[in-house]
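Trainee: Copying in the features that Swiss-Prot gives for the protein in this structure:
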- 1-18: signal peptide (SIGNAL)
- Cys35-Cys50: disulfide bond (DISULFID)
- 167-192: repeat 'PbH1 2' (REPEAT)
- Asp207: active site, proton donor (ACT_SITE)
- Cys209-Cys225: disulfide bond (DISULFID)
- 215-235: repeat 'PbH1 4' (REPEAT)
- His229: active site (ACT_SITE)
- 244-265: repeat 'PbH1 5' (REPEAT)
- Asn246: N-linked glycosylation site (CARBOHYD)
- 273-295: repeat 'PbH1 6' (REPEAT)
- Cys335-Cys340: disulfide bond (DISULFID)
- Cys359-Cys368: disulfide bond (DISULFID)
Amino acid sequence: MRSVKLFGLAALGSLGAAAPAPSRVSDLTKRSSTCTFTAASQATESASGCSEIVLDNIEVPAGETLDLSDVDDGTTIVFEGTTTFGYKEWSGPLIRFGGKDITIKQNSGAVIDGEGSRWWDGEGTNGGKTKPKFMYAHSLEDSTITGLSIKNTPVQAISVQATNLYLIDITIDNSDGDDNGGHNTDGFDISESTGVYIRGATVKNQDDCIAINSGENIEFSGGTCSGGHGLSIGSVGGRDDNTVKNVTITDSTVTDSANGVRIKTVYDATGSVSQVTYSNIKLSGITDYGIVIEQDYENGSPTGTPTTGVPITDLTIDGVTGTVESDAVEVYILCGDGSCSDWTWEGVDITGGEKSSKCENVPSGASC
């Protein structure tokens with residue numbers, strides 16, 4: 001609850017007896033800047049005027065969003081204890097952030113628990129139960145999300161549409177979904193963003209660790225990804241914004257996942273992928289592809305027929321090393337005629353699997 005509000009009423013009640021001393025007014029102003037809420041409705045409706053918001057063991061009612069997208073500029077949001085959500089089949093999101101110069105963090109031991117097993121049915125967003133998206137970091141500018149511990153999201157975890165946003169030391173643990181029907185549990189989905197910097201993330205899931213669908217000036221570094229579909233660009237094409245530019249994915253590990261490094265563009269769509277660098281990526285236990293780059297996606301699946309409308313240019317693959325399973329493909333490149341160019345391919349050493357016989361239009365310098 002917002003205890004500072006009670007203090008304010010008490011102070012007003014004392015006005016009839018005597019005017020408060022200046023120090024008391026200063027005290028009141030200071031106290032009223034920090035607000036502690038124990039209910040989602042309190043936080044959503046009463047956040048204005050709070051320079052710091054503490055979310056104390058919030059239980060968000062079924063079918064509602066913990067909406068903190070309209071807080072004052074410069075607000076700090078702190079998660080305390082365990083944040084949970086009531087069950088309902090709906091599209092979500094369960095949490096929404098927005099604003100300028102916002103800091104989002106948690107106190108020691110806090111966890112945001114989606115209890116995703118209530119929705120998991122092996123189908124993700126492809127059918128079955130309607131599952132809520134977890135967190136929208138949309139319309140954030142010059143902001144930081146740091147140290148959050150997120151567990152068992154129903155489907156995709158963090159959707160990013162932001163400008164100059166730092167996400168530091170985020171843990172997303174959906175490993176319970178490995179044997180319980182978790183699907184489409186992407187870690188970070190980025191679109192329509194400029195300046196997104198994800199550092200020190202740990203993601204255990206059943207889909208992309210990171211998926212960049214559009215945006216520029218994006219960095220993912222020091223990440224640890226396991227159980228999912230790897231470090232992905234795309235699929236690019238078929239959206240309102242279909243440009244990916246100036247992306248660096250570096251100093252990260254991918255283990256026990258379907259893919260290591262993946263770039264996919266949409267069949268017969270338009271757009272562009274340029275100035276992308278993957279460097280110092282360590283792979284192990286990869287089951288499908290160590291590196292996969294293909295221009296043939298349609299309705300979420302590869303067609304085997306590449307098109308040229310989303311060229312992949314100025315790509316650097318540098319120091320991608322490690323092992324794949326014996327029946328996995330080490331490197332697969334499927335490009336349209338002339339639509340992959342100006343690639344730099346250095347220090348790639350992936351072993352343990354098969355060589356592909358189906359690569360097409362591999363650009364000069366790359367190997368398949």
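Quick reminder: no glycine exception, Cβ is built from N, Cα and C everywhere.
Please go over these features one by one and say how buried each is and what sits next to it.
Mentor: Following the DSSP three-state reduction, the secondary structure of Cys50 (disulfide bond) is coil.
For the repeat 'PbH1 2' (167-192), the DSSP-based tally of helix, strand and coil residues reads 4 helix, 8 strand, 14 coil.
Sequence-distant neighbours of Asp207 (active site, proton donor) (same chain, six or more apart, CB under 8 Å from its CB) are Gly124, Gln156, His183, Asn184, Thr185, Asp186, Gly187, Gly228, His229, listed in sequence order.
DSSP classifies Cys225 (disulfide bond) as strand under the three-state reduction.
Below 8 angstroms of C-beta separation, residues 174-175, 178, 185-188, 190-209, 241, 243-266, 273, 276, 278, 281, 286, 297, 300 of the same chain, each at least six residues beyond the ends of the repeat 'PbH1 4' (215-235), sit close to that stretch.
With a 10 A radius on its CB, His229 (active site) counts 25 other CB atoms from all the protein chains.
Mean predicted confidence for the repeat 'PbH1 5' (244-265): the pLDDT average there is 99.
The Cβ of Asn246 (N-linked glycosylation site) lies under 8 Å from the Cβ of Glu216, Asn217, Ile218, Ser274, Gln275, Val276, each on the same chain and at least six residues away in sequence.
Residues 230-231, 233-234, 236, 244-265, 267, 302, 306-308, 310-325, 327-336, 339-340, 348, 350, 353 of the same chain lie 6 or more positions beyond the ends of the repeat 'PbH1 6' (273-295) yet place their CB under 8 Å from a CB of it.
For Cys335 (disulfide bond), the same-chain residues that are 6 or more apart in sequence and have a Cβ closer than 8 Å to its Cβ are Ile293, Glu294, Gln295, Pro306, Ile312, Glu360, Asn361, Val362, Pro363.
The C-beta environment of Cys359 (disulfide bond), restricted to residues of the same chain at least 6 apart in sequence and closer than 8 Å, consists of Val331, Tyr332, Ile333, Leu334, Cys368.
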Trainee: Taking DSSP three-state, what's Cys209 (disulfide bond) in: helix, strand or coil?
Mentor: strand
Trainee: Output the one of Cys50, Cys209, Cys225, Cys340, Cys368 that, of all these disulfide-bonded residues, has the highest number of other Cβ atoms within 10 Å of its Cβ.
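Mentor: Of Cys50, Cys209, Cys225, Cys340, Cys368, the one with the most crowded Cβ is Cys209.
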Trainee: Report, as numbers and ranges, which residues of the same chain sit near the repeat 'PbH1 5' (244-265): CB under 8 Å and 6 or more residues beyond its ends.
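Mentor: Residues 208-210, 212-237, 271-297, 302, 309-310, 312, 315, 317, 320, 322, 324, 350.
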Trainee: How big is the Cα-to-Cα gap, in Å, between Cys209 (disulfide bond) and Cys35 (disulfide bond)?
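Mentor: Pair distance, Cα basis, whole Å: 34 Å.
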